[in-house]
Amino acid sequence: MTITKICCIGAGYVGGPTCSVIAMQCPHIKVTVVDISKHRIAQWNSDKLPIYEPGLDNIVKQRRNVNLFFSNDVENAIKEADLVFISVNTPTKTFGVGKGRAADLTHVENCARIIAQVSTSNKIIVEKSTVPVRAAESILKILSANHKPNVKFQVLSNPEFLSEGVAVENLLNADRVLIGHEETADGFWAFKELSKVYLNWIPEEKILRTNTWSSELTKLAANAFLAQRISSINSMATICEETGADISEVARGIGLDSRIGSKFLQASVGFGGSCFTKDLLNLVYICEHLNIMQVAMYWQQVLDMNDYQKSRFSNKIIESLFNTVTGKKITMFGFAFKKDTGDTRESPAIHVAKTLLDEGAKLNIYDPKVEHEQIQRDLTHPYVTENPEAVMKSIEIHNDPYYATINTHAIVICTEWDEFIELDYKQIYRGMIKPAFIFDGRKILNHDNLTKIGFQVHTIGRR
Ligand SMILES: NC(=O)C1=CN([C@@H]2O[C@H](COP(=O)(O)OP(=O)(O)OC[C@H]3O[C@@H](n4cnc5c(N)ncnc54)[C@H](O)[C@@H]3O)[C@@H](O)[C@H]2O)C=CC1
Ligand SMILES: O=C(O)[C@H]1O[C@H](OP(=O)(O)OP(=O)(O)OC[C@H]2O[C@@H](n3ccc(=O)[nH]c3=O)[C@H](O)[C@@H]2O)[C@H](O)[C@@H](O)[C@@H]1O
């Protein structure tokens, strides 16, 4: 079999960019991305894509309706495909056994059932969603129990390592492409077929072959290690604030050790995003399930440190503003969980906003990419408030960063957007209530200049 048709189930942050890049690099392959959400597919077929990702618009414009298709016709796309990516969401369970920790595999299971039901030819099924170790076994069991006679499936694990905001760059120049397969001749054959797709642009030495379970666990391990680095540097930031050491200097000092490396040592208000917390919770749950409690506690601590960091930053704002923010207007610069994305899932900005709102503050919020409705949805979510009407009265969402600061007591930087560095802070200072405060939760501004202007500056990891 030569792969000529690919179907991707799930047109989200992973399915959309991944398949757009495959379509661009493999003009001979027809790629169809399907989703149950009519709205999402309509957006992928419109001029305004559902996700903001630098470079993506251009690729979609070039390949859409040429060899890249977005559709709600899940069944037909699966039926005609040689290879099916499962790229659906695997959120933390909100009910039942493992609630709040285990991964909810309902969507993955639904995909397996529909694949088995509609397939009339052999297919390679690729688990791209992040899943607990041995999830492929469940997929295979569902496929085996429900398939039509003479239809065979091979299940591969091919986790995705892209980061939002740099997804296209990551996909084009991947550090590695990991493919896990069943340790049989058929499994090896399926690995070869998927490799051929990637070999259209990924050098052979970057394609890593493992068994299925190693591949699944590697994805969780990679996110756990990355998150651990952030919690580690944030823990050091706390010591810096107590002692007069400067976390930027400490990070540079340790990062130059080639065994440690300089990346992912940026102290911050805490990590956010849809995956670090969810995948760590999942890892902790797996360890508990395996009854290796010391290991579970070890990884839980990475999450605890992140919660501590978010609370510490929010509390610092309140303490600095003379221990009360009730009725005070505070500007939040940034709401996305990191720059260059409009994604707010698990954004630390939500935690900061919640704390300030709970204390009675009024918030002016500005983010260059997050939709206003998304901010409203996040801050009126039952997890954040029992009184959504009161929250709506306490927030203003702005389109202009300067306007957002007028007559406010403080600016809180929650996302490291480049444009915040370039703003005219002299002008901003003039319009603010004095003393005017800046809380730089991302360490992106020139603090000496701000102090000279007259701002009271507070940041992470420095007195
Ligand atoms: N967001 C990211 O940067 C990364 C995410 N991942 C993993 O990739 C997976 C997907 O993540 P995202 O793309 O962020 O999720 P997402 O929530 O943006 O997209 C998932 C899509 O799947 C659709 N879907 C769910 N069930 C379906 C079904 N039965 N049939 C058709 N469509 C269905 C949903 O409607 C949704 O549009 C998750 O397991 C995540 O952990 C991995 C690497 C990076
Ligand atoms: O599985 C996933 O979803 C993805 O999760 C992360 O990617 P992402 O969450 O998109 O973004 P990151 O760049 O990892 O940032 C995550 C959070 O950590 C924060 N961060 C990152 C780096 C740093 O040094 N300090 C820091 O606070 C960011 O601001 C952000 O809130 C991983 O980097 C990807 O490899 C992985 O594929």
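Placement of Cβ uses the backbone N, Cα and C atoms for every residue, glycine included.
As annotated by TrEMBL, NAD(+) binding site applies to 10-15, Asp35, Arg40, 88-92, 129-130, Glu164, 275-278, Arg345. The active site, nucleophile feature in TrEMBL is assigned to Cys275. Here TrEMBL flags 331-447 as domain 'UDP-glucose/GDP-mannose dehydrogenase C-terminal'.
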Tell me which binding-site residues (Gly10, Tyr13, Asp35, Thr92, Glu164, Thr277) have a Cβ under 6 A from ligand 1; sequence order is fine.
Gly10, Tyr13, Asp35, Glu164
What is the one among the binding-site residues Gly10, Tyr13, Asp35 whose Cβ has the most other Cβ atoms less than or equal to 10 Å away?
Gly10
Cβ under 6 Å from ligand 2: qualifying recorded positions of Gly10, Tyr13, Asp35, Asn89, Thr92, Cys275:
Cys275
Can you break down the domain 'UDP-glucose/GDP-mannose dehydrogenase C-terminal' (331-447) into helix, strand and coil residue counts using DSSP?
43 helix, 20 strand, 54 coil
Do you know offhand how many angstrom separate Asp35 (NAD(+) binding site) and the residue listed as 'active site, nucleophile' by C-alpha?
20
Under a criterion of Cβ-Cβ distance under 8 Å and sequence separation of at least 6, what residues of the same chain contact Asn89 (NAD(+) binding site)?
Gly10, Gly12, His107, Ser129
Please work out which residue of Thr92, Thr277 has the most C-beta neighbours within 10 angstroms of its C-beta, and give that one of the binding-site residues.
Thr277
Structural state of Thr277 (NAD(+) binding site), classified by DSSP into three states:
helix
In whole Å, how far does the CA atom of the residue listed as 'active site, nucleophile' lie from that of Thr92 (NAD(+) binding site)?
10
For Thr92 (NAD(+) binding site), name the DSSP secondary structure in the helix/strand/coil scheme.
strand
Does Glu164 (NAD(+) binding site) have same-chain partners at least 6 apart in sequence with Cβ under 8 Å from its own Cβ, and which are they?
Tyr13, Glu53, Gly273, Phe337, Lys338, Asp340, Thr341, Asp343
Please work out the number of neighbouring Cβ atoms within 10 Å of the Cβ of Cys275 (active site, nucleophile), leaving out its own Cβ.
24
